[in-house]
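Written out below as structure tokens is the structure these notes cover.
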Amino acid sequence: MTAQLQSESTSKIVLVTGGAGYIGSHTVVELIENGYDCVVADNLSNSTYDSVARLEVLTKHHIPFYEVDLCDRKGLEKVFKEYKIDSVIHFAGLKAVGESTQIPLRYYHNNILGTVVLLELMQQYNVSKFVFSSSATVYGDATRFPNMIPIPEECPLGPTNPYGHTKYAIENILNDLYNSDKKSWKFAILRYFNPIGAHPSGLIGEDPLGIPNNLLPYMAQVAVGRREKLYIFGDDYDSRDGTPIRDYIHVVDLAKGHIAALQYLEAYNENEGLCREWNLGSGKGSTVFEVYHAFCKASGIDLPYKVTGRRAGDVLNLTAKPDRAKRELKWQTELQVEDSCKDLWKWTTENPFGYQLRGVEARFSAEDMRYDARFVTIGAGTRFQATFANLGASIVDLKVNGQSVVLGYENEEGYLNPDSAYIGATIGRYANRISKGKFSLCNKDYQLTVNNGVNANHSSIGSFHRKRFLGPIIQNPSKDVFTAEYMLIDNEKDTEFPGDLLVTIQYTVNVAQKSLEMVYKGKLTAGEATPINLTNHSYFNLNKPYGDTIEGTEIMVRSKKSVDVDKNMIPTGNIVDREIATFNSTKPTVLGPKNPQFDCCFVVDENAKPSQINTLNNELTLIVKAFHPDSNITLEVLSTEPTYQFYTGDFLSAGYEARQGFAIEPGRYIDAINQENWKDCVTLKNGETYGSKIVYRFS
């Protein structure tokens, strides 16, 4: 991934420290939308990698991530060695005012030393542009001075807590460093006030660990029942309603302010340095009660609250004077407190526990502990759990009542085996065989690498099973239900197929119903048309604890009707009957140690003339039932697709023996791209959406 980002991108690379956090993650979105590439470094002490995984899907970009403490010079230097960093936006640091008064040494060590190490590495690797996330806390109590509300940048500084002192110290370090070399360093110091809200997508937001320190996150937790009531500290101030006045700024506006500052540094005189401060705020103060009522309106809930005494150190009014930013950075806020409350409520309702979901576990799947090489388990500790991988968006494991029922590997190495048999993987762009690897589309002929006899199978060298998907976005929309969304950007230059294709896979795990639903979608982002046929290639063994074989498995299918194929496994144009039990049969077909053998494409309706590129609105049809009497586990496979390949695993490899698992692969017809009767259902044109659904249901 490192080499890929370096070689493929001509964009400037911005190192975002603390980029997994609240403000950092929103700034990464804005950076990518403005054409930058990002590398994120974060020690995850007050954040989680899940925000970065969501950012990848939200921005449709791979975001290299390093779990590193800035005080770890050797660990941080890896970033500068592996990427040509153009600039740095520095968010990383401890940030709780109250906590800083209890553990001041930790704040001084982490915030100041971490920044010094970062600046030393920037100097060593000739990186001169630096945007610093400072804070309005450097002003202290600005009300002690006449005519300093709203607060201008010229207001004398006087922080009143260790957190503020660390920000003040770092500002002084930046000024000293600039004065030592006024031709090279370009520093933007951004002092901002009260960030609130969340991204309007609802995918990222503030997720404080422990009790929230700020007003809006606390109210949100009261609204969803995580806290009993809101506490308002004082209603006897000389304000409109007796509560203090603060300058609240939507986090998206704040993120855009960082882009404006970075672009200002980039446009500044090439032969001159700079160290300058800007306030980022709305310039409009809102009282605590005004924000309270705005959030109650957005949520439709009258939150319980209690007025208590003033907190020590609280003052009447802390509002920014943002004129300098408006004049020089050409930046100003666009969103209101009401917008912030609406976006925060969307984030809260869709993610009531933030990124912290019970029943979700993740572990590294590769020795180098890469975050884009993880196995994520959903439903951990329940009677039905599913484990997925970024590589191939693969199903690594399914456990029913604690018993594994699919084949898989303990680590990523098994899936990277050249002879992996596609175990558990998403198959695409085109599942199954294409005759001689040839097809024609839009008056152009294409040749795929032949990899299966005389044919191309499962997309040949462009198969998705070796490609690393972005994400996942994991959510828990309701009790017992989890979703995991993966995304792949499959560009024409990385495959033998035409067009740039965006693919999303949403897995829905219902632990109560013991079901796994897969929804596949695909859209062309460039190009006229492409062949497409997506499926999953899991191998099932319903009796794994008792035997490494599918022997004894009882099978019934919807229909005996199957696509007739020639000696090269390519359709002849006929539909034939296979010797296999259907749902109407009195007895199932029982799989033995060697026979019967199947590698057949069964059809759901022999009279159908499929033309749909999107089958998501079709009826979800039961196509296969499998049962093993020793384990007493039943598998039902349902699909919206017109066919399903049933394969008894007679040529399994890569650490597995023949008939250790069987595969059910719902999808489109074999070689449909070369069959006029079926070609429409596998030809995705620009502007269309490919769609299909598969469900595995256990009992």
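The backbone N, Cα and C atoms fix where each Cβ goes, and this holds for glycine too.
Looking up Ser47, Ser460, Ser562 in Swiss-Prot for phosphoserine, the annotated residue turns out to be Ser562. Asp37 (NAD(+) binding site) sits 34 Å from His537 (active site, for mutarotase activity), taking the Cα positions as reference.
Cα of His537 (active site, for mutarotase activity) to Cα of Glu33 (NAD(+) binding site): a span of 35 Å. A C-beta separation below 8 Å, combined with a sequence spacing of at least six in one chain, links Ala41 (NAD(+) binding site) to Leu15, Val16, Thr17, Gly18, Gly19, Phe65, Tyr66, Val68, Leu70, Leu76, Val79, Ala92.
Taking CA atoms as the reference points, Glu33 (NAD(+) binding site) and Ser562 (phosphoserine) are 49 Å apart.
Cβ neighbour count for Glu33 (NAD(+) binding site): 13 (other Cβ atoms within 10 Å of its Cβ, all protein chains included). Cβ neighbour counts within 10 Å, taken over all protein chains shown, single out Ser25 as the most crowded of the recorded positions Thr17, Ser25, Ser562.
Sequence-distant contacts of Gly21 (NAD(+) binding site), defined as residues of its own chain at least six apart whose C-beta falls under 8 angstroms from its C-beta, comprise Asp42, Asn46, Ser47, Ser51, Phe91, Ala92. Computed over the region 'Galactowaldenase' (1-357), the whole-number mean pLDDT of the model equals 95.
DSSP assigns His537 (active site, for mutarotase activity) to coil, not to a helix or a strand.
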